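Trainee: Handing you a structure now.
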Amino acid sequence: MSDETTGSLGDAFSPMDTPTTTIMPPPADVDESGFSHSLLTFAAVMTFLIMIVGICGNLLTVVALLKCPKVRNVAAAFIISLCIADLLFCALVLPFQGLRFVQGTWRHGEVLCRLIPFIQYGNIGVSLLCIAMITINRYVMITHYSLYNRIYKRHWIAIMIAACWLFSYGMQLPTLLGAWGRFGYDARLQTCSIMSDRHGHSSKTTLFITAFVIPCLVIIACYAKIFWVVHKSEQRLKRHATKQNSIPNNLRPLAAATSMPSGDGANPSQVPAGCRVSSDSSSNYSTDVPDTTPGGAGGGAGVKQQPSRVKDQREVRAKRNEWRITKMVLAIFLSFVICYLPITIVKVADKDVEHPSLHIFSYIMLYLSACINPIIYVIMNKQYRKAYKTVVFCQPAARLLMPFGKGNGASSAAEKWKDTGLSNNHSRTIVSQMSAGATATATATAAAGTQPQSTSTQGPVQALELTARVPDLISKSSNLPLPQPLPQIPPAGARPSLTPPPPPSVLTATHSNGSGSQRLPLKKNNHSYTNSGFNSSVISANPSSSPSPSSSGGGIYRPGIGSMGNGSASIRRITMVGDDIILEEEELPPTPTASSPPQMQAPPPPPSSSRQTTMNALNTTPKTPIYMNVDSPKRNQSYSERNIPVPAREGHDQGVKDSQGLPSKLMDKKKFPKD
């Protein structure tokens, strides 16, 4: 080749025209690893925020579960272990991870670079194993209840919790010592993690399968079995409810009387005796309580009692509580899987860190799993919310969580009554008591000139309707009758009805024959109303004599004074706790069985003159009695103001008092009870 040719080629490819490859520098807001500064700042803020919420929430949960015995059960022991693992994760791991995001790299030495991932992966394993243990506990409780008490004893529970911690951290020891993989700094992710050793071995896959995949499969299998058993149980309950005519949610008279003479002369109905309590709440269940009145007079042995279902109601309520905890644990497991799933997918799909934002998001989700559990407890469990209140507001645990215990003015018997399945938020309760005894005629019937009839198939019925929001009225004297509206004069030949309608929104206690109406006091300020025997009545030995208000159930009901009957009672106390009505059932010592009263024939109908006298007496307007509000008496009253005697009515009331020969019980009690 000539020199000209060579020169032309050299001119054609001058150094200035030679193509070169230029490497652009990274942007100013991106570090050498590819993570932007704004992204690292966001990750640091979220990490420190999760750390604060996690430490406060998990510490509050541990203190609340240890302080409040109401929520202290087998599941709570594993939940405490879970909270301790999350607390250690938030207190020991997250501060260093937050500083890593702020500084952009790891600057805390090689020892901490090995220790921090050891604690991190160990706590992750403990958390998932504790969730698996709680799920197994729910599985045994719901599907194999007969084995529950034998498996979950205190020493076995301690062994299970210790096994979770030892297994999770024991699996990390070979990696910590460098025998099977090693803990070191990963420059691509700028974090300390599990690295391959000099032989190329790593424990990531084994730890992932052993501490994550297997517990998840066990949890899924247990919940599948739990849902199957619950579904079958609901199907059986629906079939049983269809056969037994499901109980409606509204109030209705659940207990019926024995054979009673009706006001219009209709044939009486035969219903067995017993006592049933039904609450107007969201529950469709009622509780049957057998009549505990000992030895009713007059054919009481032949009356059958209603079967008791208190034990069934306790079992239903316990199963509902267990199912509520089971759903809460399921929510914890789902949140755990959702939080750990992103980092698992990102590390497998993006090994070369081509999308840094996905890695930051996966780390934040991983840290979020340590603080989300207390939030689930607050949302899904009412008892846990109350337990948190006891710690936050420094309230006694017994007063808030055990409103029917000694801390709130009620007795242990009332707490046992609540365990029968009655709802806490019921607004109205009907209590009907059947007594297998002789029939007690009302005062108005005796005043009309008729004599009480007693047969072996007739029994007194007394019903109480307790309304949680009614005026608290009480008469100041037991000799003053309550105001009653004037009855309408019936047409000629018809039997007059002596049943005055009860005043609206006022607590009443009436006989089933409608012979009288009586207002009862009701107090909301956690006051207990004792009853000395209003559930049964006693017939006077002389059939011709008119029964007194005390013996016929016509007296004034007063706190601490049982003037509505002299017989034995099955319900001894009515306690108001907030808006709840607690009925305390108490066994009484047996009393001798009274002899049956003599059988008497029905008297002939009264002559027309006597009937006209009765009608004139009914048309007479009684004196207006004096009432006072028990809830708001005058404060700091003097002795004379509290004990102003009220004159008794002339005529009938004075005669009744003289015939009894005893002073009024209301006048004996000089002071009204304090609020």
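Heads up, the Cβ atoms here are built off N, Cα and C, so glycines get one too.
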Trainee: Would you say whether Swiss-Prot puts Ala43 on the same side of the membrane as Leu358?
Mentor: yes
Trainee: Using the record from Swiss-Prot, pick out the residue from Cys56, Cys164, Cys192, Cys216 that is joined to Cys113 by a disulfide.
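Mentor: That would be Cys192, the partner Swiss-Prot lists for Cys113.
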Trainee: What number of additional C-beta atoms lies within 10 angstroms of the C-beta atom of Cys113 (disulfide bond)?
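Mentor: Cys113 (disulfide bond) is surrounded by 19 other Cβ atoms within 10 Å.
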Trainee: Short question: which residues 6 or more past the ends of the topological domain 'Cytoplasmic' (137-156) have a Cβ under 8 Å from it?
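Mentor: Tertiary neighbours of the topological domain 'Cytoplasmic' (137-156) are 74-75, 78, 222-223, 225-226, 229-230, 319, 322-323, 325-326, 329.
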Trainee: Write out the long-range same-chain contacts of Cys192 (disulfide bond), meaning residues 6 or more apart in sequence whose Cβ is under 8 Å from its Cβ.
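Mentor: For Cys192 (disulfide bond), the qualifying residues are Trp106, Leu112, Cys113, Arg114, Ile116, Pro117, Phe183, Gly184, Tyr185, Asp186.
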Trainee: Under 8 Å, at least 3 Cβ pairs, sequence separation 6 or more: does that hold for the transmembrane segment (328-348) versus the transmembrane segment (157-177)?
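Mentor: No, the stretches stay apart by this measure.
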Trainee: Taking pairs 6 or more apart in sequence, does the count of Cβ pairs under 8 Å between the transmembrane segment (45-65) and the transmembrane segment (360-380) hit 3 or more?
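Mentor: Yes; at least 3 Cβ pairs under 8 Å.
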Trainee: Quick test of the contact rule: Cβ under 8 Å, at least six residues beyond the ends. What residues does that give for the topological domain 'Extracellular' (95-115)?
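Mentor: Answer is 31, 33, 35, 37, 40-41, 43-44, 47-48, 51, 176, 182-185, 190-192, 363, 367.
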